[in-house]
């Protein structure tokens with residue numbers, strides 16, 4: 001199933017829905033149910049699931065998705081000194097990320113000779129795509145949406161069913177599996193999941209296309225992870241890049257660059273699945289009682305040393 005068909009994603013969604021319904025009936029009446037969480041919110045106001053440990057059955061959901069022979073594209077940008085994080089990212093991904101699935105890593109870097117050699121499991125491949133470097137980390141961040149959009153058009157749409165766009169300065173610590181698959185997937189930022197939307201660092205200037213008024217907002221989503229069907233992520237990246245370009249023409253830069261535009265897009269286009277902060281923790285942040293498992297986290301680093309203009 002590929003991006004070239006407008007019908008196949010919806011057929012996939014229907015098949016998954018049927019299997020999930022049958023699984024729910026089975027586990028409701030014939031088997032022990034997965035643990036329920038009463039200490040966290042596990043569904044959004046628009047009825048999308050929020051994925052926490054204890055809200056899904058990993059065996060059931062793997063049995064639904066693995067027979068489909070899906071391919072998961074995964075993009076990371078290892079530009080400049082950020083290439084140093086790539087080995088830990090890939091090695092921990094091979095232990096924990098989409099184990100048992102076909103995975104294609106797309107590594108964007110200006111230092112292809114520095115890409116480490118990592119042993120990949122069967123059905124998993126790595127492609128290195130050279131991109132320009134920059135003396136400004138803001139420019140690298142800004143061009144991410146454009147480059148992902150272009151690569152989907154040229155390559156990924158023919159090679160994958162789902163895509164996750166992740167930050168390379170991160171590591172996997174525990175299972176990240178098929179429970180994260182959905183049409184459009186976002187993750188709640190670990191720094192703001194306990195805050196109200198008036199405290200979120202949205203872009204608050206009306207002149208920006210990323211503007212979100214003080215009385216609006218659902219969650220504050222982290223820019224270090226977004227994903228979903230290849231076609232849906234293509235639309236997301238295209239819209240965000242076009243809005244970024246419009247802001248540039250108007251001599252304005254959103255507060256948190258691509259993350260601000262991502263949050264504006266997801267306010268208008270609700271994600272079909274939301275991942276809890278388990279899927280985007282920060283190593284410098286102490287674990288809280290709600291977070292039973294840390295699955296993926298940003299590593300501690302010296303920004304002044306790894307970023308070119310800090």
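The backbone N, Cα and C atoms fix where each Cβ goes, and this holds for glycine too.
Per TrEMBL, these features apply:
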- 77, 78, 79, 82, 167, 168, 169: UDP-N-acetyl-alpha-D-galactosamine binding site (BINDING)
- 167, 169: Mn(2+) binding site (BINDING)
- 259: active site, nucleophile (ACT_SITE)
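Cα of residue 169 (UDP-N-acetyl-alpha-D-galactosamine binding site) to Cα of the residue listed as 'active site, nucleophile': a distance of 16 Å.
Around residue 168 (UDP-N-acetyl-alpha-D-galactosamine binding site), a 10 Å sphere centred on its CB holds 22 further CB atoms from the protein chains shown. Counting other Cβ atoms within 10 Å of each Cβ, the lowest count among the recorded positions 167, 169, 259 belongs to 167. Maximum C-alpha to C-alpha distance over the listed UDP-N-acetyl-alpha-D-galactosamine-binding residues 77, 78, 79, 82, 167, 168, 169 is 11 Å.
Residue 259 (active site, nucleophile) sits 18 Å from residue 79 (UDP-N-acetyl-alpha-D-galactosamine binding site), taking the CA atoms of both as reference points.
Summarising the environment of residue 78 (UDP-N-acetyl-alpha-D-galactosamine binding site), the number of other Cβ atoms within 10 Å of its Cβ, over all protein chains shown, is 26. Close to the recorded UDP-N-acetyl-alpha-D-galactosamine site, the chain also has 76, 83, 85, 86: residues not among 77, 78, 79, 82, 167, 168, 169 whose Cβ is within 8 Å of the site's Cβ mean position.
Ranking the binding-site residues 77, 82 by other CB atoms within 10 A of the CB puts 82 at the bottom.
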